[in-house]
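Sequence annotations record features per position, and here TrEMBL assigns coiled coil to 317-366. Positions annotated as domain 'Fatty acid desaturase' by TrEMBL: 48-267. Here TrEMBL flags 20-39, 46-67, 79-101 as transmembrane segment.
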Amino acid sequence: MQESKQAIKQEEAPINWAPTIIFSVTFLISITAVPVYGFMSGYDAVEWITFTLMLAFCGLSITAGYHRLWSHRAYDANPVVRAFFAFWGACALQNTILIWCSGHRKHHRHVDDVDNDPYSINRGLWFAHIGWMLRNYKSGEVDLNNTQDLQRDKIVMFQHNHYVPLVVASNVGVPLLLGYLNGDILGMLLLAGVLRLVISHHVTFFINSLCHAWGKQPYTNTNTAKDNFLLALVTYGEGYHNFHHYFQTDYRNGVRWWQFDPTKWLISALSWVGLARNLKRVPNFKIQEAMLQMQFEKARKQLSLSRLPTPNVEALRQTLEAEYQQFMDTLADWKELRGQWVQQKREAFEEKKQELQAKWQQATIRTRFKEMEYMLKMQRKRMQVFNLSFASVAAV
Ligand SMILES: [Zn+2]
Ligand SMILES: [Zn+2]
């Protein structure tokens, strides 16, 4: 690992000019022209409302769309919803759905690995936040092979093939048009165009940097991902990153009902009105299991560091091991029960299949009857003609 880190430090990666220029210029404008214009002319309510709405549209299109829908397939969405996410996702200017998801799937697969995780926290906070995009690092090489499922989605491909016009239309076209209608083009461009983009960028980048550095680990310590309520507040619920890295296919990141996760609420609301379905949830039991596993680990560590007299430690250790044995027994029971349940479900499915088959057979029988009726009808007609002609022959 040490050697690898060393090798990366010396990696002479060429500068990736497009993002470097975009990030620098927009950031500079947002700390100079945006406040100066604010002091001189002020921003009106329409500009602030547009800024807020566009910020939310971009943010949620990344979290509910790019991340939970496309990268993790945590649910299915109606084409109207997908088109919305594709448009406002382009407005968030974080590359196309395909490229973003490819990198993110790589991040999950090789999390923390300095050579293969595109935004590994082990290369520093700056690198994980933004540095990884400023140079063409080897770890960031795009290989779309891991997005073959997404390549069948026409909306994803449309966005991929028309990315630049969509970026310009959403980032410049929308503020330009609304600014024209509101009577102040520059104000709208600065607020809803530039400032919104900069905030939207860094808020998402926090998920890769701070969410891997600052917070708690209630579900797993096999990687650096952390749960952090404060970060969830600004990342539309993505701050519960420790849960997410352990249960990545769950459509929720803040899994408890009270945890602040607007992305989860949006997906639920979409499902209530029929615009999203197949919302994936990991069994509650599995969540409890992960948390208990972490608690056992913590208890063992504390015991090993304890300065209590040896007999006390030994008694505590025995209690802990008895608890653990009970935990393992419960796990085994659950696994068995789950197996039975799956088997039952499969059988029920088989029965349904047989029912369908019977119905289909009935349908073919019905069709066959109809065909026979038709054949008889035609035969009757032929016989009528035959009889008529026979009668005429006989009459001669
Ligand atoms: Zn993820
Ligand atoms: Zn992560």
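Placed from the backbone N, Cα and C atoms, the Cβ positions cover glycine too.
Just so you know, TrEMBL annotations are computer predictions that nobody has curated.
Here the transmembrane segment (46-67) has long-range neighbours at 77, 82, 84-89, 91-92, 94, 97, 100-101, 104, 174-175, 178, 182, 184, 187-188, 191-192, 195-197, 199-200, 203-204, 235-238, 262-263, 266-267, meaning same-chain residues at least 6 beyond its ends whose C-beta is under 8 angstroms from one of its own. With a threshold of 8 Å between CB atoms, the same-chain residues lying at least 6 positions outside the transmembrane segment (20-39) that come near it are 93, 130, 133-134, 186-187, 190-191, 194-195, 197-198, 201. The average per-residue pLDDT of the prediction over the coiled coil (317-366) is 77, rounded to a whole number.
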